[in-house]
Amino acid sequence: MEINVYPFRELCFQGPHELYFKDLSKRKKQVMEKNGNNRKLRVCVATCNRADYSKLAPIMFGIKTEPEFFELDVVVLGSHLIDDYGNTYRMIEQDDFDINTRLHTIVRGEDEAAMVESVGLALVKLPDVLNRLKPDIMIVHGDRFDALALATSAALMNIRILHIEGGEVSGTIDDSIRHAITKLAHYHVCCTRSAEQHLISMCEDHDRILLAGCPSYDKLLSAKNKDYMSIIRMWLGDDVKAKDYIVALQHPVTTDIKHSIKMFELTLDALISFNKRTLVLFPNIDAGSKEMVRVMRKKGIEHHPNFRAVKHVPFDQFIQLVAHAGCMIGNSSCGVREVGAFGTPVINLGTRQIGRETGENVLHVRDADTQDKILQALHLQFGKQYPCSKIYGDGNAVPRILKFLKSIDLQEPLQKKFCFPPVKENISQDIDHILETLSALAVDLGGTNLRVAIISMKGEIVKKYTQFNPKTYEERINLILQMCVEAAAEAVKLNCRILGVGISTGGRVNPREGIVLHSTKLIQEWNSVDLRTPLSDTLHLPVWVDNDGNCAAMAERKFGQGKGLENFVTLITGTGIGGGIIHQHELVHGSSFCAAELGHLVVSLDGPDCSCGSHGCIEAYASGMALQREAKKLHDEDLLLVEGMSVPKDEAVGALHLIQAAKLGNAKAQSILRTAGTALGLGVVNILHTMNPSLVILSGVLASHYIHTVKDVIRQQALSSVQDVDVVVSDLVDPALLGAASMVLDYTTRRIY
């Protein structure tokens, strides 16, 4: 079978990178002169297990072929030296490498404590080895706990570290370990463009990062002419054909051991049902591996006619097995990385590799309650042939790495430097700084007005600015930026330290991204608007954005009558009707960010039309727009004005005129307000029956006019079990602005938002 392998992403090693390697050659000559032409670079390669050796071996072979430049010391530790995991140090000896040191560092137990103890044991033993070998540089691979011990020891003993495969993202504790090693390492070899960008984002020096590709691909892409059928027969039996068997390799997930063992059990059940010859490799030594082996034995996998269970397969043979398999299943990084080079179908199970870049050959099964989902994935994937992946390498990683090693200047200071992004001038801890008022910049985008305020930690409005809200997006965003810049400058004069910007706006908002998804009809040209980016870029401050109803609820939680309550609901009665829900002290956004659209609770099947397109909503009865509509009808029929009232010709009739008429005894106006209050009351009853909050807060300009009617409706319509829930009028003057500020202030006081 001929295996076609696409070249690595052409862009990865062209353009700036060609210049980079030319510069590397110049630097290499300069470095050789500095270090002395006879001075060889002493390189220590430490390998902990079969997986990292597959990546390190090609580099070791490369170093060995250039004895005029390098001296190689090999340190073997970890699961390499354990019989239960195949005594894989032997394959290092078979590759004709001299092992300088063997360190028994694994504390048996295969649980979390054993992993920690193993790291500690390695830290105790490594200093003697490193003192004896005195390497110029140590090469460490990946994200294993053993590798963390290696990197820690080398860093503390002032030995330069070259880290292979930094910057990648998987999805378990491995991420934390990998990034910790990155911070300890002086030089980085990464495999993909994304990994390179991650390293730069982590403030690593770009000059010390090499985008080389994965070293194992150097061996993978030269393996296609091997006699693969003899290898298949040796491991799976004489009757097995290419593309008619499965390779399974699944490891425990240390952050959720119980679930990963359950997932492994379901995988074995699915493989038994699928009824294809399967090569099952034992899991690695992580916490939970012992339980996984027990599951294998409980199901009789080692004696099942369709299964071959093995502790270890030499890498060059393993390559042939996965290259010609009908499918690979499990959660090994090999499945999402190396196997893509052959286009073999892969089923990636669970979360262990969830963040990895993958080719189209990988089908993810992130969770499964029964074997059915895994079995379905096997039916979908088995026997397919995908295009060969071009993500992780082009087969030329080792020459690049050797060139990079030769460019290392041992005369350079050992202390690594971090390339932090520029920040504003640091304010030292002096008396002026201490006496500053910690504040937030709050923005409220209403249907009519645009307001910006400086608000202190105590909820005091230090200064407020108001302008008419423009009708177009361009004018509006420019005005917001202008007002915020002016307010931020004024804050300095007022001795207020602005911690961030909070924005309250009508419509549906994605607070995670700071984007207005859909606006109300009151604010035009305000859909799919990114508010966070322009403000953050202009002010160099963090920015939070949320719906005005949610902001009102957050204002009550921090400054108002909801303070200290676990569950309460806020209803805003203004131009429209909105709201916010606090449940277990946290704001409820909902799965698509439209929770608490309380104004669109339907209280009558044949009620008036609502702006949302439905009819009979609370907003169609009780909002300021609804009252204005009814006021105009009465005024057109000369039924609005009573003695003591007048409406100037140039003034539009609105809700306030209806309220004034009701106060002066207009029976029709009183009836309209009573109907509006009843509709709102029915909505509150629905909220009480659904959410069962401990408090309902009515906020906004109309709240005080509705409160008594709402309470009457609750007494008449609500279940007795919720009739004691208190309904109050908010005592906050500007809940939208205070809520916008609370997003900033809550974060700075370490509340989770």
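First residue shown is number 1, and so on along the chain.
Even glycines carry a Cβ here, placed using N, Cα and C.
Bear in mind that TrEMBL entries carry predicted annotations, made automatically and left uncurated.
Features reported for this protein in TrEMBL:
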DOMAIN    68-406  domain 'UDP-N-acetylglucosamine 2-epimerase'
BINDING   Arg508, Thr520, Asp548, Glu597, His600, Glu619  N-acyl-D-mannosamine binding site
ACT_SITE  Asp548  active site
BINDING   His600, Cys610, Cys612, Cys617  Zn(2+) binding site
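Listed in chain order, the extra residues whose Cβ falls within 8 Å of the Cβ center of the Zn(2+) site residues His600, Cys610, Cys612, Cys617 are Gly599, Val602, Ser611, Gly613, Ser614, His615, Ile618, Glu619, Ala620. Between the listed binding-site residues, namely Asp548, Glu597, the fewest other CB atoms within 10 angstroms of a CB are found at Glu597. Taking the mean position of the Cβ atoms of Arg508, Thr520, Asp548, Glu597, His600, Glu619 as the N-acyl-D-mannosamine site, the remaining residues of that chain whose Cβ falls within 8 Å of it are Gly506, Gly507, Asn547, Gly549, Gly576, Ile577, Gly578, Gly599, Cys612.
In this view, Cys617 (Zn(2+) binding site) is surrounded by 28 other Cβ atoms within 10 Å of its Cβ, with every protein chain counted. Here N-acyl-D-mannosamine is bound by Arg508, Thr520, Asp548, Glu597, His600, Glu619 per the record. The longest Cα to Cα distance in that group is 16 Å.
Of all the binding-site residues listed (Cys610, Cys612), Cys612 has the fewest other CB atoms within 10 A of its CB.
Looking only at the domain 'UDP-N-acetylglucosamine 2-epimerase' (68-406), the predicted model's pLDDT averages out at 91. Comparing Thr520 (N-acyl-D-mannosamine binding site) with Cys610 (Zn(2+) binding site), their Cα atoms are 12 Å apart once rounded. When the binding-site residues Cys610, Cys612, Cys617 are ranked by how far their Cα is from the Cα of Arg508 (N-acyl-D-mannosamine binding site), Cys612 comes first. Glu597 (N-acyl-D-mannosamine binding site) and Cys617 (Zn(2+) binding site) have their C-alpha atoms 11 Å apart, to the nearest angstrom.
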